[in-house]
Each structure stands twice: as C-alpha cells, then as structure tokens.
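Take a look at the structure set out below.
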Amino acid sequence: MTTTLTRPTDGEGSVQVHQDPGLNIQEETLVIAVYGKGGIGKSTTSSNLSAAFSKLGKRVLQIGCDPKHDSTFTLTHKMVPTVIDILEEVDFHSEELRPEDFVFTGFNGVQCVESGGPPAGTGCGGYVTGQTVKLLKEHHLLEDTDVVIFDVLGDVVCGGFAAPLQHANYCLIVTANDFDSIFAMNRIVQAIQAKAKNYKVRLGGVVANRSADTDQIDKFNERTGLRTMAHFKDVDAIRRSRLKKCTIFEMDDEDEAVQAVRSEYLRLAQNMLDKVEPLEATSLKDREIFDLLGFD
C-alpha cells in the first residue's frame, strides 16, 4: 500500500526545499544567477560581467555550477580544481580546508570557485552547489564580497540546479535570437515564477548574445513582459578571448569591436548595481511560442 504525504510546494508541482537560514548570503550583497540554453555563452557572459564589476571597483565572487568546471578559466587563465574534488581529497572533512584550497584569484582580483559535480549519471549537482555556499560561509568568504555571480549549468531548472535561485536577487537569462534559445528561456521563466513565490529571486532581464539582430527576442519580450538588458553581437574578439583563455578586458585595446563589447558589459554591470526594477514576466505555453516566433 502506498501512502501519499501532503507536502508544501515550492511553486507549482515541486516540493518545498527549506534552506538553512545560516546559508543566506547577506542582504547588502548583489547576487546574480545566470541561466540559458546550453552552449549559449553563459560562462563567457558571467566571466566578462564579473570582470566589469571588478573594473567598477567591486569585490566579486564567481561560482561555476557546472560539472565541466569551465566557468572561470578566462578569469584564472587555467582550469582550477573543483570544490567536490578538494573535498574528496580530505574525505569530506571540510574543517581541514583552507580558503586558498578552493578559492582562486582571477583577473583584477575576481575570486573564482568551481563547485564541480558528481560523476555523470550519479548524485545531484545542485547539492554540490549548496555545499559550496556552505563552505564559503564557514570560511567567512562571503562577508567581504559586493557581488556574487552563479554561472549555472545549461537550461536545467530541476530542484537541484535551481538551488542558486534560492540565493539570488536577480536572474539574468542569456539567449540568442533563435527559436531553441528562446524556447529554453521560456522554461527558465517558468522556474523563476515558481521560485519567486518562496524566495527573493526576481527576473532581471535578458542578455542577447551572439546575435546580429534581436527581432525574435523582442517579440518574446513584448509578449511576456521581459526586457533586454544588454546585446552582444557575434564579435570574433569574444571567440578569440576564449581561445586565449582571457576576458574581453584583456584583449587588444585598439580594436573598436573590443571597446564596444567592454562598454556594453560595463553598462550592464552599472545598471545591475543601480537596482534593476524586477520584472513580473509571464511564461508562454509551448504552442504559443511556436506560433509567436518566426516569419510570416
């Protein structure tokens, strides 16, 4: 005989996860979670945005939340060990760790952490993200931070990888001007709607990436109540910066395209610091997106 337990929900159709109050990041810190379709450029966007905040004089911490642990390599110029790897080395006795074991200083003083994740097909990567925040709190590493950026795996919005939303003030969604990216963005909007019922996270807006135009994004924004916060065209200097393992702020100063991208990142960072008005966007049904996007 099966017994169904009545449990409070965390938004529609999911189980409420009660976060330990001790893991809350202090109110004065700006916390941003970056989501978007897999391969859309979230890590590039996150790292360059972290660099921009640092250029504005802010103390920045970027947390990579992907088992691939490639979120921060343009900041640190290398692949750094993950929190889960370091914890395994000490048999998960976190008290044996020092901050320098898992926090690495990158470009212009940006602090970088890669949470990592369990082997493919096992465990919960979102749990690892929670343990990473716990470890940072234990070592008082969040107390002297102005901005925290969570760079989150793909467009996965299950309970585990939605964990950064429990800490974030705002969610930025990175998208391209195409159907697949916007379809994924709609699913992320649905997740934000669910989490916003119980947590402080709100939609900040959209970052249009690798797109010459934004006509399809504009259609979706107008219909749902979203807005575009920044627009990065398909600039080859951004691709080359990844190959050089550096941020856009370390590329050739004489390149006008590089200067334009830098200015857009600095503008986005300043806008986020100026207290973005949170959005009350409404997601669409799958069929509605299908009918909305495209050409007549």
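Positions of Cβ are set from backbone N, Cα and C atoms, glycine also.
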Task = Out of LYS58, LYS68, LYS195, LYS244, which one does Swiss-Prot list together with GLY39, ILE40, GLY41, LYS42, SER43, THR44, ASN209, ARG210 for ATP?
result = LYS68
Message = With the ATP site defined by the record as GLY39, ILE40, GLY41, LYS42, SER43, THR44, LYS68, ASN209, ARG210, how many Å span the farthest pair of C-alpha atoms?
response = 22
Note = Cβ proximity for GLY41 (ATP binding site), under 8 A, sequence spacing 6+, ordered by residue number, returns VAL174, ASN209, ARG210, PHE232, ILE238
Message = Most Cβ neighbours within 10 Å: which of the binding-site residues LYS68, ARG210 is it?
response = ARG210
Query = Reduced to three states, what secondary structure does DSSP give LYS68 (ATP binding site)?
reply = coil
